[in-house]
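Copied over from TrEMBL:
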DOMAIN    A:77-292  domain 'ABC transmembrane type-1'
TRANSMEM  A:21-47  transmembrane segment
TRANSMEM  A:80-102  transmembrane segment
TRANSMEM  A:114-134  transmembrane segment
TRANSMEM  A:163-188  transmembrane segment
TRANSMEM  A:209-234  transmembrane segment
TRANSMEM  A:273-293  transmembrane segment
């Protein structure tokens with residue numbers, strides 16, 4: 001716009017870096033057509049009564065009313081909230097503590113880092129199966145402890161409807177904290193050595209340096225990590241399928257599984273679309289205000 | 001050219017031993033992957049290969065709930081297989097309406113399916129707007145209670161003859177460290193067990209009023225309340241099963257770790273593979289020994305519309321092979337299901353299958369819930385009953401209220 005108001009003083013903004021702009025057209029098209037187009041299509045069809053095949057016969061908010069009346073959906077949302085909250089808190093805390101320990105110039109740091117990061121190389125399905133076996137009362141932790149002599153020991157979270165979601169959380173943390181640790185470690189390494197020296201000269205205790213100086217300086221890293229963890233939380237599906245397939249009963253159902261089951265098993269696309277639209281709204285409610293604060297409202301912060 | 005079409009026409013009507021010069025590959029998808037099922041499907045493959053074509057096996061593990069979405073997305077996504085299994089009824093209804101499936105009326109009239117397929121409701125479920133779209137291959141009934149004779153012997157109680165005796169024997173089994181009733185964790189198993197209890201306890205008329213007429217008042221009424229009471233017993237007896245797949249649950253019965261299982265007659269294939277004999281090692285009670293009625297749902301093959309002419313011809317050959325009397329006998333004996341035609345000889349059938357055939361001949365049949373309810377209502381029912389069976393704090397009254405809501409909303 002500035003080009004227009006200032007006449008021909010400067011070359012047209014739109015034509016600057018023309019090659020780069022042409023080169024990015026395919027990606028822009030992909031983003032607009034596939035992501036945005038697909039999203040809009042899904043939202044529109046969530047107001048229809050599409051069954052096995054998409055059909056444009058609108059039924060207003062019926063699908064949403066049914067969705068929020070379904071006990072399974074309510075349980076899914078509750079599970080997601082519990083899983084999301086603890087997953088966020090624990091992976092950030094454990095990841096940061098591990099990274100801080102790793103940053104003490106210890107010996108064999110590379111080895112430890114590999115061990116910690118190793119679970120991340122496994123897919124959720126494999127992680128889920130491994131933990132399904134570990135938590136199975138007949139072969140897993142419970143049977144090992146019992147065979148050691150403590151015969152009344154009982155640990156079977158996957159078969160107890162009240163705590164099953166924590167069984168899934170354990171597997172998710174085991175898989176995910178390694179990555180968080182590496183991101184945090186990279187952040188810690190980016191802190192200038194002089195800051196540590198200055199803090200030491202001033203006699204500030206180490207924990208205080210971390211909490212009051214280092215963590216605020218690592219803001220960027222924390223935000224990246226937060227986005228990665230949060231997106232992983234909302235789309236959790238395969239871990240649940242591999243560990244419990246939603247059981248016992250419907251106690252460990254999650255929204256993504258509801259979407260899949262209703263779209264494909266129940267042959268009710270409309271219901272599945274309504275559920276996935278609700279997931280989109282959940283994400284938007286979290287992401288949009290944050291993105292606005294972070295990238296919008298001026299560039300005051302460096 | 002002429003010779004080739006002649007050979008094609010011949011192959012379509014007669015099962016030639018040497019067959020076509022060039023064998024046509026036909027991919028057939030199904031979800032028959034347990035031991036007994038795999039043995040049965042091998043019979044179909046053998047019969048089809050004998051016509052000079054080639055059966056390309058597309059087995060999808062993980063039971064119908066996993067397999068059907070894959071099948072449907074392949075058909076709607078433009079990558080159809082040669083033929084595919086569905087439970088006939090309403091699962092493929094919309095695919096047919098969208099014109100994606102092939103009309104088999106020609107083959108059916110030529111081979112007189114209307115006369116040979118018994119009961120006729122099987123073919124009715126394949127018929128949409130007067131045209132026939134699938135080839136039924138077997139009759140599966142849900143209404144069976146399978147009992148392990150060894151388990152009852154160990155517990156020191158006689159093998160029960162009906163559901164009430166079974167419930168009464170529960171404590172004795174538990175005392176002996178045996179799970180009285182095995183119910184796998186897959187949601188359809190809990191929902192199916194409830195349907196069976198309904199026919200057995202409330203009877204055929206109530207079953208039809210609820211599932212065929214979708215009468216919500218009956219669903220909320222006292223007859224169904226009794227069924228929920230029985231389901232409450234079943235829930236108590238099934239505590240501690242801790243397995244997912246139906247065949248793992250059947251295996252608990254085979255090995256005597258569980259007293260019994262409410263499961264369809266496909267469980268019989270597992271007993272057979274394990275080398276057990278009906279009447280000696282295990283006992284079967286159709287209709288839970290209370291109400292000897294069986295449902296006549298089952299499996300059928302659907303044929304997607306293909307452009308390739310060779311393959312279309314091979315589809316016709318497959319359709320007629322499936323209903324061939326020899327194939328019917330060989331397949332159903334292995335599968336533990338009943339044949340779709342009454343004119344075949346099943347002299348080698350075991351005790352349980354004979355019981356089933358008798359009930360069938362008497363006409364004590366109902367339609368299966370897959371035929372009566374849409375996949376959507378079935379899924380809601382599965383959600384309800386998998387929650388009910390896993391959650392001991394859910395009262396039968398609450399569950400019945402939700403059940404009546406599902407029936408009221410069903411189309």
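Backbone N, Cα and C define each Cβ position, glycine as well.
TrEMBL does not curate its annotations; it predicts them automatically.
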Quiz prompt | Chain residues outside the transmembrane segment (A:163-188) and at least six past its termini with a C-beta under 8 angstroms from it | solution = 79, 82-83, 86-87, 90-92, 94-96, 98-100, 102-103, 113, 116-120, 122, 124, 127-128, 130-131, 135, 157, 214, 218, 220-222, 224-225, 228-229, 232, 236, 239-240, 243-244, 247-248, 251-252
Exercise. Go through A:21-47, A:80-102, A:273-293 and flag the stretch with the largest number of C-beta pairs under 8 Å relative to the transmembrane segment (A:209-234).
Key: A:80-102
Quiz item: Quick one: do the transmembrane segment (A:273-293) and the transmembrane segment (A:80-102) reach 3+ CB pairs under 8 Å, ignoring pairs fewer than 6 apart in sequence?
Solution: no
